[in-house]
Each structure stands twice: as C-alpha cells, then as structure tokens.
Amino acid sequence: MAGQTDPHISLFSPQEVEFMAEDELVKIVPNMNMDPLNFISGDFGRFVPQIPTEVPLWLAVALKRRGKCTFRPPEWMTVDNLTQILEAERESQSTFQALPFSYVEIARLLFDHARDDIPDMYMVRSLVEDIRDVRLHKLETNLGSFQGTSAVKISNVSAMEVNLVRPFVRRALEAFYKHDKPEADVDRDTRSSRQQREANNEPRRPLRQR
C-alpha cells in the first residue's frame with residue numbers, strides 16, 4: 001500500500017497519530033499522595049497510593065518516568081485476548097475485530113515506557129504486531145476490490161489504518177469519478193439534445209387574435 005512505503009503520502013505522520021493517541025485514558029496505580037491536577041482537558045486525581053485511577057496516556061507516561069506510578073495494562077492487552085483476536089482476524093477476510101481506535105499507538109507507548117508493567121511483554125508485542133500485519137493485509141485486499149464511486153464502509157478500523165488507507169481511497173475514488181464522468185457528460189448532453197428536439201417538434205399553439 002502506498003502509505004506504508006511513502007510516509008509523505010499519508011495524511012498524518014506516525015508521530016502525529018501517536019500524539020493524538022496520548023489523550024486516551026489509561027489506568028495507573030500511584031505510589032504517592034497528590035492533589036488533583038487541573039488541565040484544560042479535565043481534572044485528574046486525587047492520587048492515593050495503591051488506588052487505581054484513570055489519566056490521559058501522556059500524563060501516565062510523565063508520572064511513570066518520574067517513578068510516581070505503575071501502569072495497569074488495558075484488558076485487551078493480555079496474551080489470551082490478543083490470541084483470540086488474532087485467530088478471529090485470520091478467520092474472516094471481510095471483518096475487523098473491535099480494538100481501541102489507537103491500539104497500535106497505545107501498545108507502542110506502553111512497550112517503550114512501561115514494559116516492566118506488562119506481563120509476558122514480548123509475547124504481547126509479537127501478537128500486537130501480528131494483528132497489525134493481518135489487518136493491513138486485509139485492508140489492502142478489500143480496497144483492491146473497489147468498484148464504482150459509492151461510499152466505502154469498513155468497521156473497527158484503527159487510527160493508524162485509517163491514516164494509511166485514506167490517501168489511497170481518495171485517489172481511487174477520484175480515478176473512478178474521472179473514469180465515469182465522460183460517460184455522464186455524454187448522457188447529459190444526449191438527454192439535453194433529445195429534449196431540445198422534442199421541444200422543437202411540438203405543435204405551436206396559434207396566437208389568439210385581439
């Protein structure tokens with residue numbers, strides 16, 4: 001797919017997609033007492049040792065770097081759940097399993113900053129990569145069967161996948177439109193000419209004498 005080999009074709013860079021994913025809420029377990037933190041995006045805390053709480057991913061990473069918390073991995077990020085998702089992805093070539101919209105970016109940030117908090121981290125990372133590859137292959141296959149300029153609907157596609165396929169979909173729809181447009185113009189001109197001839201052949205109504 002074009003977006004995979006040429007990052008300049010994608011709408012956003014991988015860094016920008018990851019930046020947007022950092023607003024996703026994740027669960028942490030603080031190891032300190034701290035009053036609530038007030039941000040434009042909302043208030044988070046109060047932070048009490050050993051009491052789980054939800055914060056944006058960027059804040060969780062910042063606290064983790066300072067040794068102020070541990071991560072509570074998302075429920076979908078277990079070996080059992082990811083194995084089931086991978087098997088289901090492989091079984092169906094037309095449907096995608098429900099995963100967080102930013103599952104790739106969330107997983108990558110946790111692998112980079114909280115690997116000690118993820119049980120079976122290497123197996124989890126391998127499964128996430130396999131799921132990503134299977135889904136991208138399915139996207140390529142499904143988009144390769146484009147027909148006509150009708151709307152495209154694919155459920156449960158992630159942010160990274162949308163970012164990769166959007167330029168391809170746009171160019172494909174533009175190509176189909178340009179291919180269909182000459183025929184549409186001919187049909188429109190034919191209908192206009194026929195209507196003009198019919199109008200000219202209609203009997204003229206005699207003028208009423210004054």
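A Cβ is built for glycine as well, from the same backbone N, Cα and C atoms used for every other residue.
Mean pLDDT for the domain 'DNA replication complex GINS protein PSF2 N-terminal' (13-70) in the predicted structure: 92. Annotation source TrEMBL lists domain 'DNA replication complex GINS protein PSF2 N-terminal' at 13-70.
According to TrEMBL, the feature domain 'GINS subunit' maps to 76-174. Here the domain 'GINS subunit' (76-174) has, by DSSP, the following mix of helix, strand and coil residues: 66 helix, 0 strand, 33 coil.
The region 'Disordered' annotation in TrEMBL covers 180-210.
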